[in-house]
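Engineer: Residues or ranges marked as signal peptide by Swiss-Prot on the basis of sequence analysis: 1-21. Residues or ranges marked as disulfide bond in Swiss-Prot (evidence: experimental evidence): 48-82, 57-75, 66-79. The domain 'ShKT' annotation in Swiss-Prot covers 48-82.
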């Protein structure tokens with residue numbers, strides 16, 4: 001009975017070590033890459049475009065409404081947020 005208990009304990013210890021060693025976030029270089037990625041605003045860099053029609057964004061810029069968060073995001077190209 002004791003040998004079975006020892007074998008079960010060793011197998012569970014090996015399983016625990018293998019699971020915790022493969023968790024994301026243990027690699028410092030990868031964590032640093034995530035931090036720099038979060039600091040950037042990739043949604044403006046990847047696709048700098050207007051989500052609203054061109055006429056709407058032109059009117060927003062003409063009326064100086066680019067400071068509104070709604071238009072700052074949806075008319076990013078026209079308002080110069082890229």
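Note: Cβ is positioned from N, Cα and C throughout, glycine not excepted.
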Engineer: Going along the chain, which residues six or more apart from residue 57 (disulfide bond) have their CB under 8 A from its CB?
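Structural biologist: In sequence order, 50, 71, 74, 75, 77, 78, 79 meet the Cβ cut-off.
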Engineer: Work through the disulfide-bonded residues one by one (48, 66) and point out the residue whose CB has the fewest other CB atoms within 10 angstroms.
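Structural biologist: Looking at the disulfide-bonded residues 48, 66, the Cβ with the fewest others within 10 Å is that of 48.
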Engineer: Taking the Cα atoms as reference points, how far is residue 82 (disulfide bond) from residue 66 (disulfide bond) in Å?
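Structural biologist: About 13 Å separate the Cα atoms of these two residues.
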Engineer: Looking only at the domain 'ShKT' (48-82), how are its residues distributed among DSSP helix, strand and coil?
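Structural biologist: Within the domain 'ShKT' (48-82) the tally stands at 19 helix, 2 strand, 14 coil.
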Engineer: I'm trying to understand the geometry here, so how far is the Cα atom of residue 66 (disulfide bond) from the Cα atom of residue 48 (disulfide bond), in Å to the nearest whole number?
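Structural biologist: Counting only the Cα atoms, the answer is 15 Å.
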Engineer: Using the structure shown, find which entry in 75, 79, 82 (the disulfide-bonded residues) has the sparsest Cβ neighbourhood within 10 Å.
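Structural biologist: Result for the disulfide-bonded residues 75, 79, 82: minimum number of other Cβ atoms within 10 Å at 82.
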Engineer: State the mean pLDDT for the domain 'ShKT' (48-82).
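Structural biologist: Result for the domain 'ShKT' (48-82): average pLDDT 89.
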